[in-house]
Protein chains: 2
Amino acid sequence: MSNHDLPTLAIVGATGAVGTVMRQILSTRQNVWGEIRLIASPRSAGRLLSVRGEDVEVQALAPEVFDDVDVAMFDVPDEVSAEWAPVAAARGAVAVDNSGAFRMDSDVPLVVPEVNAPAARNRPKGIIANPNCTTLSMIVVLGALHAELELTQVFAASYQAASGAGQGGIDTLHDQLSKVAGNRDVGSQPGDVRRVVGDDLGPFPAPLAMNVVPWAGSLKDGGWSSEELKIRNESRKILDLPDLKVSATCVRVPVVTTHSVAMHATFDREVSTELAWEILRDAPGVVLYDDAARGEFPTPADVVGTDPTWVGRVRRSLDDTHSLDLFVCGDNLRKGAALNTAQIAELVAAELTGSHK
Amino acid sequence: MSNHDLPTLAIVGATGAVGTVMRQILSTRQNVWGEIRLIASPRSAGRLLSVRGEDVEVQALAPEVFDDVDVAMFDVPDEVSAEWAPVAAARGAVAVDNSGAFRMDSDVPLVVPEVNAPAARNRPKGIIANPNCTTLSMIVVLGALHAELELTQVFAASYQAASGAGQGGIDTLHDQLSKVAGNRDVGSQPGDVRRVVGDDLGPFPAPLAMNVVPWAGSLKDGGWSSEELKIRNESRKILDLPDLKVSATCVRVPVVTTHSVAMHATFDREVSTELAWEILRDAPGVVLYDDAARGEFPTPADVVGTDPTWVGRVRRSLDDTHSLDLFVCGDNLRKGAALNTAQIAELVAAELTGSHK
């Protein structure tokens, strides 16, 4: 513990897309922190950024900034985390990392507080990893169902937002929408979307406006994308189900923020729609919004900017009494990144201050 | 047969969205028709519309227009088909119906020529039904795989285009895109898409621009949408697999035309990605476009306006040697509606003229 009454927090990557949402989130949640240090690359050093209503000067990333820090959050690219999270840990901080650098490291817990909070205490490297945003969009719902029904298999198809590819993804979508809008002919003839959008595809391998793109991440063995394998590997680790059968197809859609996932989940126990509703209605971090007769189901436009994972379209499969079909939405910048990191950091803060039950 | 050398065709609904695509398709395919009559509601009667490069006067729908007609295509709402397809059949025409009125009638074959052409010959009511556009976007690929591997189960998540909801769907999407485009703030805060789009949601239950909407069709038992049940029931009928396990989640996306579907399909035989490629490369009506290393996979922007069903992202499931994951795209106004209807009509024409092998 530092020499304050409350633990000291460092946010590494405070100026980025997730870091910006992180500062907003820390300004609205119940405060558990003493000093909050904002860390970024040297070119951002000296800037003043607001957090908890106060202006804080950004410091350049260096080993010394972690002195007396209790928890250091990392919202930076994989290679920056790989280098600097161990530095923070060596200086005595618990590093909570939102990159992919440590997620599958067996000495690093991968934590979703609603699902596996106790795992955060076992961190031999002093590092805790935050899951990928797409995993996070579905895992709170899957975890709640698994706790009661014992998950055996899940098939997922994602509808991923542009902001999952960072600020460049958001900018590209807005640029492309401006080009295709107002032209009522575009979208009906071969190649016309590509012609109108032009060559600047930003971080995407095809036009995103008026299109869907079945690709996210990098190519792995067997034709799988890295994003699809993350869903499989991270779900297995978080749920502590090393043999869970998972198949995912990841697809980018022209939505700014909030990932959606259509899921077909199979359980060891028999299920019903009513039982699933009962479980999900009481699940922490979940909003059940499921009344198709009243037009109630989650959509990204309604979910963006909110904290919980929303779930609707819950249906017991017609051909299998052990399976459910459902549709979930989660804000990929909040629960999918900054919020879950903040929640993990708060778990550690509670542990350090002895207030954890 | 009429008194012409070639059979006479009537197109009922010639002025609608599908009817318009139908006239284009008949103008480019090898001609098998003598006279082509264009039929529509009385308010369109007398209009001149082009087909095969000739202007043809639209006739008002009435029993007499079917006299001497060999094949009558119906691209009209369910209730119009329900009333008039039997009238055409009673006058001696074979009715090829693109509505939902007769698809699940056990005395009406449901035909996809690449999959079950022989079924078209057994038509006790003189009516042949054309499947729903979403079923058609996936069934040619599933049918080809099933013929070699014996399909047992399929989970599908759709990415359905606005034009699946007709011209009103297309207009609504264009209107909404014009409103949200150019405003770089929209899409990141709760409710802002709804505010900018306004109250006119057209045929959709939520804003479609910058959103995805997990609903298509009407509400059925168990929380299923009619569109989801059509995929299940029609796939079973076309593939002649009454016990096929099918779960689908149907989602509308802000694409003008071309439906996409992510599928997880399980087979009785062991599969491999290479075997699936081999089958799909040779399958009629299918384009295999699957080289992720070169950024090659189908997207609606590239597929729109083309005839085949495109398939990519083919992967053998990591946890099941009997399952494949894949992504398909098909133009919902062409193969999904007009083209398949034209193909069925051509099957009948070949049968009537004795040229069918």
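Glycine is treated like the rest: Cβ placed from N, Cα and C.
Whatever TrEMBL says is automated annotation, not expert-curated.
Annotated features, as they stand in TrEMBL:
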- A:CYS133: active site, acyl-thioester intermediate (ACT_SITE)
- A:HIS259: active site, proton acceptor (ACT_SITE)
- A:THR15, A:GLY16, A:ALA17, A:VAL18, A:ARG43, A:SER44, A:SER163, A:GLY164, A:PRO190, A:ASN332: NADP(+) binding site (BINDING)
- A:ARG103: phosphate binding site (BINDING)
- A:GLN160, A:ARG252: substrate binding site (BINDING)
- A:8-123: domain 'Semialdehyde dehydrogenase NAD-binding' (DOMAIN)
Contacting chain B at Cβ under 8 Å, from the recorded positions A:CYS133, A:GLN160, A:PRO190, A:HIS259, are A:PRO190
Under a three-state DSSP reduction, the secondary structure at A:ARG103 (phosphate binding site) is coil
Same chain, |i - j| six or more, Cβ under 8 Å of A:ARG252 (substrate binding site); the result in sequence order is A:GLN160, A:ALA161, A:ALA162, A:GLY164, A:ALA165, A:PHE204, A:LEU208, A:VAL212, A:VAL213, A:PRO214, A:TRP215, A:ALA216
Cβ neighbour count within 10 Å, max among the binding-site residues A:THR15, A:GLN160, A:SER163, goes to A:SER163
Averaging pLDDT over all residues of the domain 'Semialdehyde dehydrogenase NAD-binding' (A:8-123) gives 96
Looking only at the recorded positions A:THR15, A:ARG43, A:ARG103, A:SER163, A:HIS259, A:CYS133 (active site, acyl-thioester intermediate) has its closest CA neighbour at A:HIS259
Nearest by Cα to A:HIS259 (active site, proton acceptor), of the binding-site residues A:THR15, A:ALA17, A:ARG103, A:SER163, A:PRO190, is A:SER163
DSSP composition of the domain 'Semialdehyde dehydrogenase NAD-binding' (A:8-123), residue counts helix/strand/coil, works out to 41 helix, 28 strand, 47 coil
CA pair A:ARG43 (NADP(+) binding site) / A:ARG103 (phosphate binding site), Å rounded to integer, equals 29
Rounding to whole Å, the Cα atoms of A:PRO190 (NADP(+) binding site) and the residue listed as 'phosphate binding site' are apart by 42
